[in-house]
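Colleague: Just dropping this structure here.
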Amino acid sequence: MKGSTSTGTSHCPYLKSLSNKVGSMLCCRGSTNKYSRLDAKLEKKMVEVKRGSLGHSNFKSIDSIIMRFPQFREELKKIRDVFEQYDEDSNGTIDLEELKKCLQKLQLHLTAEEIEDLFHSCDMDGSEGIQFNEFIVLLCLIYLLKEPSSSHNTSKIDSPQLEATFDTVIEVFSFLDKNGDGKLNKTDMVKALNEAYPLEKSPAHVTRTRFKEMDWSKRGKVSFREFLFAFIDWVGIDTDEEMSPVRSSSK
């Protein structure tokens, strides 16, 4: 990785195609933040996570995060079985009614308002259907926001492996959130991209590009929800290539 700073991709070759794959889809939602209520909850929760970590992190640099991408990819792809089980009409998306059944089966008890908020905030292309990558984001948001069902049962979802993966994704965000305010800004990204190699500063235009890929609402701040969409794309879960033959042929 070192020695290739002139290309602007020395820190993360996975990131360079993000805007092409995700940008146009997300920009269609406009610059206004329609989901301020949900993002405010997420922001508060991430501040709590940061404070609870007391500055401890298993990640020391962007590179240490990138090294975990293959593991992230394999763990997140396991969610596909759940997704396909509740995509009852096999059209590659989960509609609102299918989502309600899914959450009920998973014993994730949310109010109708909470479910609708999550559904619409994750339905990034406005298709009234949750695609696989959006489903991953939705489950992770539920995991972050949901309290354990009882003091005797600290599990939030019935999958220790998935809980561990989501915990690690949350830790990645916390590592990038240098000032601990529950959202990411350009200064956070500069610090994160450069701290591994302080003598090899990432060019300013590279840092701006990386930040723009996440800040699709153009507010200058990146919520955990926005970060999740970018992160899943960086990890490389391709919804089209991963679709089963039956589903692919039905499109």
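Every residue, even glycine, has its Cβ placed from backbone N, Cα and C.
The following feature annotations were taken from TrEMBL:
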type	residues	note
DOMAIN	74-109	domain 'EF-hand'
DOMAIN	110-145	domain 'EF-hand'
DOMAIN	164-199	domain 'EF-hand'
Colleague: Work out, from DSSP, the number of helix, strand and coil residues along the domain 'EF-hand' (74-109).
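Modeller: Helix, strand, coil within the domain 'EF-hand' (74-109): 21 helix, 1 strand, 14 coil.
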Colleague: Over the domain 'EF-hand' (110-145), what does the predicted model average in pLDDT?
Modeller: 89
Colleague: Report the DSSP secondary-structure composition of the domain 'EF-hand' (110-145) as helix, strand and coil residue counts.
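Modeller: The breakdown for the domain 'EF-hand' (110-145) reads 25 helix, 1 strand, 10 coil.
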Colleague: What does the DSSP secondary structure composition of the domain 'EF-hand' (164-199) look like, as residue counts for helix, strand and coil?
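Modeller: Split into helix, strand and coil, the domain 'EF-hand' (164-199) gives 22 helix, 1 strand, 13 coil.
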